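Here the structure is laid out as structure tokens; the discussion comes afterwards.
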Amino acid sequence: MEADSPAGPGAPEPLAEGAAAEFSSLLRRIKGKLFTWNILKTIALGQMLSLCICGTAITSQYLAERYKVNTPMLQSFINYCLLFLIYTVMLAFRSGSDNLLVILKRKWWKYILLGLADVEANYVIVRAYQYTTLTSVQLLDCFGIPVLMALSWFILHARYRVIHFIAVAVCLLGVGTMVGADILAGREDNSGSDVLIGDILVLLGASLYAISNVCEEYIVKKLSRQEFLGMVGLFGTIISGIQLLIVEYKDIASIHWDWKIALLFVAFALCMFCLYSFMPLVIKVTSATSVNLGILTADLYSLFVGLFLFGYKFSGLYILSFTVIMVGFILYCSTPTRTAEPAESSVPPVTSIGIDNLGLKLEENLQETHSAVL
């Protein structure tokens with residue numbers, strides 16, 4: 001009888017156990033990296049914003065389909081009025097450099113441009129639906145994400161890693177899956193009256209949203225949330241009010257008001273007000289780019305609600321799309337970006353705090369630096 005080899009017949013067992021241990025260790029590392037408290041908090045905050053957007057979309061569609069009310073500028077005007085009554089008035093009662101009059105004296109023209117970008121971004125996207133298709137709006141609206149990343153690179157000095165570009169690509173793949181599901185479900189019935197004009201409006205709106213979001217991130221992290229909301233409320237009310245009188249006065253006059261229509265307007269205004277109030281808080285602890293990736297799921301929430309309210313057809317691709325978008329969002333949040341200081345800057349360096357997921361810490365350190373200088 002031949003003797004067994006020194007390793008014996010059980011030789012593969014240690015190898016198998018070692019491979020299993022390595023795989024288990026890899027899973028633990030992945031879990032520890034992707035499912036931290038900061039990432040879970042970011043996901044929850046992003047989906048809260050998505051639900052606010054879903055609320056605005058559902059109420060607008062209900063007004064349009066059930067009551068033939070198409071007044072996007074009036075709806076935005078009500079939101080800006082709420083921002084004015086809360087945050088602009090708050091600035092008026094502040095003292096020192098945070099006072100409303102002091103801010104207007106130093107930066108009035110900048111906030112006029114910001115208010116114009118914000119108002120028109122909301123308006124042109126809604127108007128685009130009259131000219132182009134749902135597919136075009138959903139796909140071209142994603143154009144704002146690379147524009148936002150480019151603006152963040154040059155204005156906020158954000159520096160991205162390869163994983164961030166992969167994550168964005170994954171999110172856009174999820175949007176493509178959602179669009180495919182819409183086509184298969186028969187939601188692509190309207191071919192639009194002038195597709196080219198509609199597509200241009202979508203690209204313009206996406207770019208204006210990107211500009212507004214970058215300005216919002218800068219103001220929220222460098223100045224204050226109240227200043228951003230107060231100034232947007234002030235100039236947004238003025239600009240949207242003027243535009244309202246020019247483009248929608250006939251539509252408003254033709255509305256047959258009742259308590260149901262009024263309730264839908266109130267619901268829209270509350271959802272939009274919550275969106276504007278909470279988005280700066282989320283951007284403060286993350287970034288404008290990560291927020292825009294997180295709210296890509298808003299259309300899916302609207303679709304799920306539409307299954308019951310508007311009789312949409314369900315497709316398993318919607319679930320797949322939601323999963324893909326969330327995977328991309330988690331990937332993006334798993335690795336922090338960094339902030340590169342400009343070559344010449346009079347501001348004390350804060351490169352060690354230049355991380356998206358540490359927005360709150362950034363403000364604390366800036367305040368400490370300011371106190372030390374004083």
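Cβ coordinates are placed from backbone N, Cα and C, and glycine is handled just like the others.
The N-acetylmethionine annotation in Swiss-Prot covers MET1 and rests on a large-scale study or a structure entry. Taken from Swiss-Prot, the feature phosphoserine covers SER5, SER25, SER371. According to Swiss-Prot, the transmembrane segment annotation covers 39-59, 73-93, 108-126, 136-156, 165-185, 195-215, 227-247, 263-283, 291-311, 314-334, on the basis of sequence analysis.
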*Between the stretches 108-126, 136-156, 263-283, 314-334, which wins on the count of C-beta pairs under 8 angstroms to the transmembrane segment (165-185)?*
314-334
*Which residues of the same chain, at least 6 past either end of the transmembrane segment (291-311), have a Cβ under 8 Å from a Cβ in it?*
42-43, 45-47, 49-51, 53-54, 57-58, 61-62, 65, 138, 142, 144-145, 148, 167-168, 171, 174-175, 178, 182, 213, 279, 282-283, 318, 321-322, 325-326, 328-329, 332
_Criterion met for the transmembrane segment (108-126) and the transmembrane segment (227-247) (at least three Cβ pairs under 8 Å)_ = yes
*Stretch of maximal Cβ-Cβ contact with the transmembrane segment (39-59) [cut-off: under 8 Å; candidates 227-247, 263-283, 314-334]*: 263-283
